[in-house]
Amino acid sequence: MKRIQHLAASAALLMAAAGPALAQEAEGLDARVNAAFAAATGPFVSFIFAPLPGTAFPWIVMWLVIAATIFTIYFGFVQFRFFSHAIGLVKGDYSDPNDAGEVSHFQALATALSGTVGLGNIAGVAVAVGIGGPGATFWMILAGLLGMASKFTECTLGVKYRNEYPDGSVSGGPMYYISKGFTELGLPGGKILAILFSVFCILGALGGGNMFQANQAHAQISGIVGEYPGWITGVIFAAVVFVVIVGGVKSIARVTEKVVPLMGILYVGAALIILLVNYDKIGWAFGQIFAGAFTGLGVAGGMVGALIQGFKRAAFSNEAGVGSAAIAHSAVRTKEPITEGFVSLLEPLIDTVVICTMTALVIVISQQLIIDPTTGNYVLNDAGSAIATVDGNSGVALTSAAFGSAIGWFPYVLAIAVVLFAFSTMISWSYYGLKAWTYLFGEGKTTELVFKLIFCVFIVIGAAASLGPVIDFSDAAIFAMAVVNIFCLYFLMKLVRTELASYAARLKSGEIRKFEH
Amino acid sequence: MSTKLVIGLDGHSSGDRALEFAKTLATQIGACELLVVYVIEWSPYSFQTAEENAQRHKRREEEISTANERVVAPAVASLSDSGLNASGRVRHGNVADTLNSIAKETGASQIIVGRSTESGLSKRIFGSSTANLVMEASVPVTVVN
C-alpha cells in the first residue's frame, strides 16, 4: 500500500511539473473530454429535467417540493414541533453517560453536514441568484424549511433499517430501508427499487459529489493563479483523494475534518461582517428577495424562473429527499432511530436557511448583479440566459467577487475554503457511493478498490470538463436518486409515523428524560 | 456502610503510586471498597468522517477491552491480592468530569489520582486533567506525587 501511495504522489508531482509545457495540447484534451462528456450524458439529463407538459416547469422540481410538503403535513409540522427537542439531542441532554464513546448525535450531524455544506452553498447559490435573481433566495428558504421534513423521514428510516455486522460496524441508507421496509410491509419490488437507487447513488457520487466539486475547485484555483488546463487540478486532487480513500492515510482526512468546520465558521463570520457593515441595505436586499420571488424583477423566466432556480439549488445544496444523509446518519448507535431523524432535520436549516441565505444576501448587497436604473429590473446578459454581472462572473467566481468587493483579501480565503469543502465533500460522497456499490456488488477488498479507482478517474474528468455539462449531469444524477427515494418514502412513511407517535407519547409521559451530566 | 474510594489511573507510573497510596489508606480504614477507573479521553463534539462513524462501535469496544487488559484488570488484581475489595471500570469522556461523576454516582468519599503526566502547549491552554479535577470535584481529591 505504501508503494501505491508513493507512486500516486510521484505521478501527481510529475504531471504538475510538466503541466505548463503540455498546456497547449491539454486545451485540446479538455475540449475533447468536455464534448464527449456532454454527448454521453445528454439524454439522461434531458429526461430528468423534462418540463411538465405545456409548461417550462421541470417535473423533478415539483416532485421534490410536493414530497417535502406532504411529509411536512403528514408529520404535523415535525420540523417546528420538535425543533427544540432536536437541539437538546445534539447538546447531549438525552445521551446516557454509559454510552459515552459511541458516535454522538452531534458527530453524526457534523459528518452529514460536512458532506452537504460546501460548494452548493457558495457556487450553487451564486448560480441560483445569477439566473433566477434575488427572488430565488425566497424559494430556496421555503424549500429548505419544507425539506427538513424529508430529511427527518429518510434519516429515521436509515437508522431503523441499517445492517449491523457482527464486528460492530454498520451500513445503512435508502437501499437498506427500501428493501427491508418493503418486505416488512409485504410490498413487492423493494429489491429492484433498492438496486435502482444504488445505481443512481453511484452516479450522484460521481457527479455532484465529485465532478462538480473538482470542476469548481479548479475554477477557483485558476481564478487566482491564472488559467491552466483543468486536468492538472484533476490529477492532483485525484492523487490526494486516492491516498486517503485507497491508501487509508487518515491524517489528511483528519486535518480536513478539523479545518472544514473552521472554514465554515470563517465563511459565515465573513458574511455576517459584510451584512453588519451594510446593515442599512439588508432591508433593501430582503425587499429585492420578496419582490423578485413573485415578479422575477425581469429575470429570464420571470417568477417561475426564480422559483425553479431556488428550489433546484436548495435541493442540490441540502440534499433533502435525495437519501444521501440517510447513509451518513445511520452510523449512530441509538435505541431510538427517530432521535436521529430529529437531529437530521437541523441540517437543511443550517445548510439552506442560514448559510445559503447569507451567501445570497452578500451577493445582492454587494450589487454584483446589474440593475437597470430606470426600470429597477435586472439586466440580462447578451445570451439572455442569466443576469449580467459587474465582471461577467458566474458560479463560485460571482460569490468570490461579492465577498471581495467588501473584504479585499477574502477571495484567497474563499479559494482555500472551496478547495477544502470540495475535498471533504468528495470524501463524504466517496463513502456514500461506496455503500451503494457494495450493496450491488458485495463487500470485499477488490470490489471496493474498483469503485475507488473509478471515483478518482472521475475527478480528473470533472476538473477538465466545463461547468455547463458537469452541473447538468450532477443535478440530474442527484435528482434521479430523489425520484426513487421519495417514491419509496411514500410507502414507508407510515412506519415513521408509528415511531413518532410512540416516541412523542413516551416523551410526554416522562419515560424519555434528560440525563444528568 | 463501608467507605468507597475512587482511584483514577492513566496507565503511567504516577498511577502506580496512586494505587500504592490507596492500598495503604484502604488497609488503614479497614472496611473499604475500591473502584479503579480508567477514563479514555473522548469528546462527543469532535469531528469524524463517515467511515470513522461506521467503525466507531467496534473501536470503542476495542478501546475498552485494551484499557481493561492493560491497566484496570492488573490494578484490580493487585488490590485483590492484598485482600482488598476492589472492582474496575472503563469509561469514555473528559477525565475530570467523568471521575467526578463516577464518584457522585457511587457515593465515594474520596478520589485518588496520580499527578498529571500531560505536558506542553495543551496543558498550558486547557490545564491538566488533575488540576481540573481538583477544582471541579465534589468530593475530596488526593493527588499522589
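Placement of Cβ uses the backbone N, Cα and C atoms for every residue, glycine included.
According to TrEMBL, the signal peptide annotation covers A:1-23.
The feature transmembrane segment is assigned by TrEMBL to A:33-52 (among others).
Annotated transmembrane segment per TrEMBL: A:59-77 (among others), in sequence order.
What TrEMBL lists as transmembrane segment is A:122-142 (among others). Sequence-remote contacts of a segment are chain residues at least 6 beyond its ends whose Cβ falls under 8 Å from one of its Cβ atoms, and for the transmembrane segment (A:122-142) they are 216, 267, 285, 288-301, 303, 305-314, 316-317, 352-353, 356-357, 359-361, 363-364, 369, 378, 385-387, 389, 394-399, 402, 414, 417-418, 421, 471.
Annotated transmembrane segment per TrEMBL: A:185-208 (among others), in sequence order.
The transmembrane segment feature in TrEMBL is assigned to A:228-247 (among others).
Positions annotated as transmembrane segment by TrEMBL: A:259-279 (among others).
If one looks beyond the transmembrane segment (A:285-308) by at least 6 residues along the same chain, the residues whose Cβ comes under 8 Å of a Cβ in the stretch are 55-58, 61, 131-139, 360-361, 364-365, 372, 375-380, 384-387. If you look up TrEMBL, you'll see A:285-308 (among others) marked as transmembrane segment.
Positions annotated as transmembrane segment by TrEMBL: A:349-371 (among others).
Listed as Cβ neighbours of the transmembrane segment (A:409-429) (distance under 8 Å, sequence separation of 6 or more from its ends, same chain) are residues 111, 114-119, 122-123, 204-205, 208-210, 213-214, 216-217, 220-221, 223-224, 237, 240-241, 244-245, 253, 256-257, 259-260, 263, 266-267, 270, 324, 328, 396, 399-401, 403, 459. The feature transmembrane segment is assigned by TrEMBL to A:409-429 (among others).
According to TrEMBL, the transmembrane segment annotation covers A:449-471 (among others). With a cut-off of 8 Å between Cβ atoms, the residues of this chain six or more beyond the transmembrane segment (A:449-471) that come close are 29-30, 33-34, 37-38, 41, 127, 202, 205-207, 210-219, 229-235, 237-238, 241-242, 245-246, 394-395, 426, 430, 433-434, 437-438.
What TrEMBL lists as transmembrane segment is A:477-496 (among others).
Across A:59-77, A:349-371, A:477-496, stretch A:349-371 shows the highest tally of CB pairs under 8 A with the transmembrane segment (A:259-279). Same-chain residues lying 6+ beyond the ends of the transmembrane segment (A:349-371) with a Cβ under 8 Å from its Cβ atoms: 79, 113, 116-117, 120-122, 124-126, 128-130, 133-134, 136-137, 140-141, 143-145, 147-148, 264, 267-268, 271-272, 274-275, 278, 281-282, 285, 288-289, 313-314, 317-318, 377-379, 387-391, 393, 398-399, 401-403, 405-406. Within the chain, the transmembrane segment (A:477-496) has long-range Cβ neighbours (under 8 A, six or more residues past its boundaries) at 44, 48, 60, 63-64, 67, 70-71, 74-75, 150, 152-154, 156-157, 160, 174, 177-178, 181-182, 184-185, 187, 190, 193, 196-197, 200-201, 203-204, 206-208, 315-316, 319, 321-324, 338, 341.
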